[in-house]
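Q: Heads up, here are the entries from Swiss-Prot:
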CARBOHYD  Asn2  N-linked glycosylation site
CARBOHYD  Asn112  N-linked glycosylation site
CARBOHYD  Asn169  N-linked glycosylation site
REGION    89-114  region 'Disordered'
TRANSMEM  4-24  transmembrane segment
TRANSMEM  62-82  transmembrane segment
TRANSMEM  230-250  transmembrane segment
TRANSMEM  314-334  transmembrane segment
TRANSMEM  337-357  transmembrane segment
TRANSMEM  386-406  transmembrane segment
Amino acid sequence: MNHTIISLALIFFQLTTTALVVGFTSREHLFLRAIGSVPQGFSAYHQIVFLCSHISNPVNRAFLGAASVFLVILYVDAAILSRWTFASQSPTSSLGGLIPPTTRDTPKTQNNATTAETSASFLRKLSFGFLIALQSRFPATPWAVPRLPPFHKADPKHTPTKSAFLLKNTTKCLVYLLLLRATSGLGNPDDNPVVFASDRIPLFSRLGDKGPGGITLSEIGTRVGAVMGYWAIQYAVIDLLYSLLAVVAVSLHLTDVKGWVPVFGSVSDARGVRLFWGQFYHQLVRQGCSSIAHYITYFILRFRKDSGSLAARYVFMTLVFAVSGVFHTLSDVSQGIPLGESGAMRFFVLQAIGIMLEDGFQAIVSRRRQSGHHGRGKLERVLGSVSGPVWLVTWLTWTSPGWIYMSLQRDRGVPIIPF
């Protein structure tokens, strides 16, 4: 049997496990829901082992490994923390942060839920289970991930017609395919182990070094180009896959257009580290990571959510990035990067630190402006609009190589688009 088919079968098994648990168990069946995490984790573990030993294409390994690991995180959120059920058609627990603990699950709701659960058909329950298993942003619902980009920035309530939606996304797929195919042969992959060597990851500590280990202007240019190129390719690949799935799902009447809001925000939103991660970059893993971080912050560490304390917000944010770091670390392992060499955890935790630094600087500037009692001049406004993107590029240029150089070292020029 084709190895890729076996890998996809493992992913389908994980999706089916989530669908069965969410669709056919009530919120009180917590033991059964917890037991469901065992086959999820078992599948992800064997997926990683299988990919490392049987799948040679690094692109396939990256996609399949990331999908399998993320389905474990999604299961923990949907089945255990948020406890989605068919009977309520919604999450029934606030442990994952989706709903206030006193706004749902009243006795009346539970009685109605029991009746609905008893009379529902097998296919309806299974369909609902798969709907949740395949969701990660919940657009057009009360539980949508914060700050999802609208279809039209000037008119956030606008939803395109089906024909316009299909035309736009089909065009995007074709453009991305052509761009990725055209850029796949650029550069010499034989140079990658040297150009992206681990000793070239440090930046500021090498600025004053005049010896062979020092950094040159040429290397800085290569570093900036590699980092920007990496994130541009990530953007293109993710948007391509998302648009392709959207075209298939809407064409076959599996879902409505309103469920496929853009996966990325506007590039103009990327004016700093916080806006890059919170508003521009895709939010596909946000709910799963936030759910686990919410539980740890407010139910294990016992921070008060209603206090609005800076410490609670920053602990929560750091944990969100840390969970994302775990996810990306295991995804790296599926690509053949040894666990100890993956820089994913360090990179993602650094993003939280970058946001804290950004917040602190903005607070100082705001306080100075208030104390001076003067508005922003034209020059200050121009500098303000430029400083955000410059700061973001500088931050990513410093922090990204610690993570992405590990995979770039191993890049042997295998095209992302194999045809």
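Note that Cβ sites are derived from N, Cα and C of the backbone, with glycine treated the same way.
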Q: 10 Å Cβ neighbour count around Asn2 (N-linked glycosylation site)?
A: 7
Q: Please list residues from the chain of Asn169 (N-linked glycosylation site) whose Cβ is under 8 angstroms from its Cβ, counting only those at least six apart in sequence.
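A: Non-local contacts for Asn169 (N-linked glycosylation site): Ser243, Leu244, Ala246, Val247, Trp260.
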Q: Under an 8 Å Cβ to Cβ limit, what residues of the same chain, 6 or more beyond the ends of the transmembrane segment (314-334), are close to it?
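A: Result: 44, 47-48, 51-52, 61-62, 64-66, 68-70, 73, 285-286, 288-290, 292-294, 296-298, 301, 303, 342, 344-349, 351-352, 355-356, 403, 406-407.
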Q: Reduced to three states, what secondary structure does DSSP give Asn169 (N-linked glycosylation site)?
A: helix
